[in-house]
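If you check Swiss-Prot, you get these features:
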DISULFID  CYS58-CYS67  disulfide bond
REPEAT    95-118  repeat 'LRR 1'
REPEAT    120-142  repeat 'LRR 2'
REPEAT    143-167  repeat 'LRR 3'
REPEAT    168-190  repeat 'LRR 4'
REPEAT    192-214  repeat 'LRR 5'
DISULFID  CYS229-CYS237  disulfide bond
REGION    241-260  region 'Disordered'
REGION    312-354  region 'Disordered'
MOD_RES   SER464  phosphoserine
MOD_RES   SER561  phosphoserine
Amino acid sequence: MAAAVLNPGFFLLILLLSFSISPSLQYVSESEPLVRFKNSVKITKGDLNSWREGTDPCSGKWFGIYCQKGLTVSGIHVTRLGLSGTITVDDLKDLPNLKTIRLDNNLLSGPLPHFFKLRGLKSLMLSNNSFSGEIRDDFFKDMSKLKRLFLDHNKFEGSIPSSITQLPQLEELHMQSNNLTGEIPPEFGSMKNLKVLDLSTNSLDGIVPQSIADKKNLAVNLTENEYLCGPVVDVGCENIELNDPQEGQPPSKPSSSVPETSNKAAINAIMVSISLLLLFFIIVGVIKRRNKKKNPDFRMLANNRENDVVEVRISESSSTTAKRSTDSSRKRGGHSDDGSTKKGVSNIGKGGNGGGGGALGGGMGDIIMVNTDKGSFGLPDLMKAAAEVLGNGSLGSAYKAVMTTGLSVVVKRIRDMNQLAREPFDVEMRRFGKLRHPNILTPLAYHYRREEKLVVSEYMPKSSLLYVLHGDRGIYHSELTWATRLKIIQGVAHGMKFLHEEFASYDLPHGNLKSSNVLLSETYEPLISDYAFLPLLQPSNASQALFAFKTPEFAQTQQVSHKSDVYCLGIIILEILTGKFPSQYLNNGKGGTDIVQWVQSSVAEQKEEELIDPEIVNNTESMRQMVELLRVGAACIASNPDERLDMREAVRRIEQVKT
């Protein structure tokens, strides 16, 4: 019997049918383990109702799920939902391409679940839960692809598992704020890819391995481990008693060879010293109070850690000019508390020498208004304001002052313009005061003296992007959603485009763009500050104070340009998207993340998704937009400025990104 001849088209039909059927089968197979995972835990602060069996987890509708190329589940990011119960890791083994698990800020407890069964994991983030107990020493031996491990702010006990030090690709390890004991494995110092090691706030003991201290490009935090000594922690080991582990004694702790009688004598001496010190402060307080009564016309606005002080000395009016200025200050409510007629003289400097002076009403000692959108005020109004130190920046110190009218302002004392003549300073300040753009912080006023320059601007209650992104872990930080971060990036881009048009003739229209100079309004609208200062600074001061001088081109050619501002914009874009503090902001480059190298290498390997801050990843569609924006940031930080986007093109591409 002749064999039947099959039409080749039949095989093609079978092949096409298999392709058309396989995606739906993939959806079903991946939705089932996710639904089982959802059913195994309790949710107290939200829901996962979008997780429905038989639907496509990669449709963009499943909360907290993101997918690789929109086809297969690669990440589970379920945070702040009050999850509790038992995680069955076996359910997740049916997700073959799962790379990231993020369950931080929940209520999960008990021993660490058996995540070692998921050998393909690259990121495991379990911060801020209540996991407890010891972690098996060999727990991580099969997780060779793991890059980021966050176990911080839990209740883990025992020693650090040695298998962690055998993870060849590990870049970040966070185990701070647990109850870990024992010594730090020296093998951390030989882990080639390790960039961040945070073991702070534990009960670790012994000598910090020299290999960790010697490792370059490693950000280490070992603070609040009482019994550690040696390098990194800067605690000598002379007073550390290393116990014989065979004796079963507790971990090594500081010991003392001083007899008990000597201790009692020392305590008595300390008590006597404290009593004398208290008596001294009482005497000083009495003297100060008497001096205040004799000299009520001297007030200190603020001081900082470097003993810089902001002082305002009020002297009796003694000239016709002073009389006129006093009259004008009375109209503004600027007379002194005791009803006497005063004139304002700024005295801002180290040690409060009390020198210098000039009449109000436009004289050397007055506040010059350049923007009256928030009303007018004078130096006496600032003098009567409650003031506090905000901090020190690369250009000087900043102080917050709340005036009696309720207006809160920031007074920035700029230390690197002391040799600047009055005329160029006046011209620039008045020009700044005319700027109007929703993303530019326009100064309200300024004060000129040969020795001191002050710039007054409106206070932003949400502070800077730097603080909200890295320093605050409260409500402000939690509100930095993907939509909010995109709004900030686009606002910064619009502001920079405006500055590059307004100051097109300047080498650096901004020159100092970084997250500390991006302030946030109540609605998270970004306002750019500290711009266009280059013409006002001495070249030597500018190269030290302005961030644009940390660009690759300045290091290579000692030149800066408009493209240097583009580089700074790229750093901010990447900082916002990754949530990482850039090491580029630090003078010594130690600490933070080398965000340029990290991004460039990941983009080259087409691993952009791994760079995105897990806190803002919700679905596949938003991930696509984030990656697109990240590529714009990467195009802004090319080492060769000729290969960077120009500002106009960068802004155009940023505007195209939608939430």
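Just so it is clear, glycine is given a Cβ too, placed from its N, Cα and C backbone atoms.
Counting only the Cα atoms, the space from CYS229 (disulfide bond) to CYS58 (disulfide bond) is about 50 angstrom. Remark: secondary structure over the repeat 'LRR 1' (95-118) totals 3 helix, 5 strand, 16 coil, with classes taken from DSSP.
Counting only same-chain residues 6+ beyond the ends of the repeat 'LRR 2' (120-142), those with a CB under 8 A from a CB of the stretch are 75, 96-112, 148-159, 161-164, 166-167, 169, 174, 610, 614.
Sequence-distant contacts of the repeat 'LRR 1' (95-118) (same chain, six or more residues past either end, CB-CB distance under 8 Å): 30, 33-34, 41, 44, 68, 72-89, 124-133, 135, 139-143, 150-151, 156, 610, 614. Within its own chain, the repeat 'LRR 4' (168-190) is flanked in space by residues 122, 127, 144-160, 162, 196-215, 221-222, 228, 251, which lie at least six positions past its ends and keep a Cβ under 8 Å from the stretch. Comparing CA positions across the recorded positions CYS237, SER464, SER561, the one lying closest to CYS58 (disulfide bond) turns out to be SER464. Taken residue by residue, the repeat 'LRR 4' (168-190) breaks down under DSSP into 5 helix, 7 strand, 11 coil. Other Cβ atoms within 10 Å of the Cβ of SER561 (phosphoserine) number 15 in total over all chains.
Counting every protein chain shown, the number of other Cβ atoms lying within 10 Å of the Cβ of CYS229 (disulfide bond) is 20. Looking just at the repeat 'LRR 3' (143-167), the mean pLDDT is 94. Fewest other C-beta atoms within 10 angstroms, among the disulfide-bonded residues CYS67, CYS237, are seen around CYS237. For CYS67 (disulfide bond) paired with SER561 (phosphoserine), the C-alpha to C-alpha distance reads 40 Å. DSSP assigns CYS229 (disulfide bond) to a strand segment in the three-state reduction. In sequence order, SER515, SER516, ASN517, VAL518, LEU519, LEU520 constitute the residues six or more apart from SER464 (phosphoserine) in its chain with CB-CB distances below 8 Å. Secondary structure counts, DSSP: the repeat 'LRR 2' (120-142) has 0 helix, 8 strand, 15 coil. The DSSP breakdown of the repeat 'LRR 5' (192-214) into helical (H, G, I), extended (E, B) and coil residues amounts to 5 helix, 8 strand, 10 coil.
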